[in-house]
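Q: Dropping the structure in here first, questions after.
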Amino acid sequence: MKNISCNQKQVLNIIKLVLICSLLMILLWVGKWLVRIFWFDTFVVPSNSMMPTLQPGDKIIADKLCFGARIYRNFHFDKQGVELQCFRMKGMGDLRRNDVFVFNKPVINHHITFVINYVYCKRCIGLPGDSVSIRNGYYRNNNDRGVLGCKENQTVLREMPDTLISPEVMCAMPYDEHLPKWTIKNFGPLYIPRKGDVITITPKEAVLYLAILEWELKGKITIDWEKNKVFVKHKLLSRHTFLHDYYFAGGDNVVDSHDSRYWGLVPDIYIIGIVKRIEYSKARVTGKYDWRRFLRCVK
């Protein structure tokens, strides 16, 4: 009887140990996801579009507390894109000019849609209410006379002969024959809408904000250039009040970055977080770690 009692105690102790370990693993798993949802998330940089600030293989930390965590209302996601349904918790601050931030690329095939794992990392060149332009390769902002982005790379762009830049890289939005052609050397000015702004809609505005207007109004925009009129769902559109704040995102490597110069502006709800540090850096080809970049601040 004593042997049986001892065996029973051993079994009970093992069961308790397994239950405790299982509970700890569940708590750790839940804690990990709570941290990723509300505090910060990590992403690996895949390209050189943010060189020299970020390089391929950098694992960056995106802080969600500053801008506020994004909480999904609908968890039905699709690789082809869906309508983003979410709300944002109150943040501890705001996105500032020159902040490096992570966001879901909003414009896919000329339409704003949401693909959950289609993530970009760029620098904020313009805030809601700003007007952004590029003159001789250098970013300009009517509300900030300081340096925006990487000045050294912009100097390289300015001095690079146009003949060495392919038309696909040189040509920037908007891609419409009725408007002057913008390039990555001379662009804009482009006004960045803020929530509540009311603008008069002419064919020019319809072209510049086409993806935004179709997204916010949930209808196809048609333009009658001869009559100088714009229609949405076959109804005349003469004014529009913007429903969201928007941001201009630009890569530091201005000669090799797919950013707002090409596809437009980033809606506020597409922003994931602000990049403050590099967790670590691992070369994609060799697999070697670059410990000089361990927990390096991102500026």
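In case you wondered, yes, glycine gets a Cβ from its N, Cα and C as well.
From TrEMBL, for reference:
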- SER49: active site (ACT_SITE)
- LYS122: active site (ACT_SITE)
- 22-276: domain 'Peptidase S26' (DOMAIN)
- 12-35: transmembrane segment (TRANSMEM)
Q: What is the average pLDDT across the domain 'Peptidase S26' (22-276)?
A: 94
Q: Within a 10 Å radius of its Cβ, which of these active-site residues (SER49, LYS122) has the fewest neighbouring Cβ atoms?
A: SER49
Q: Cα-Cα separation of LYS122 (active site) and SER49 (active site), in Å?
A: 8
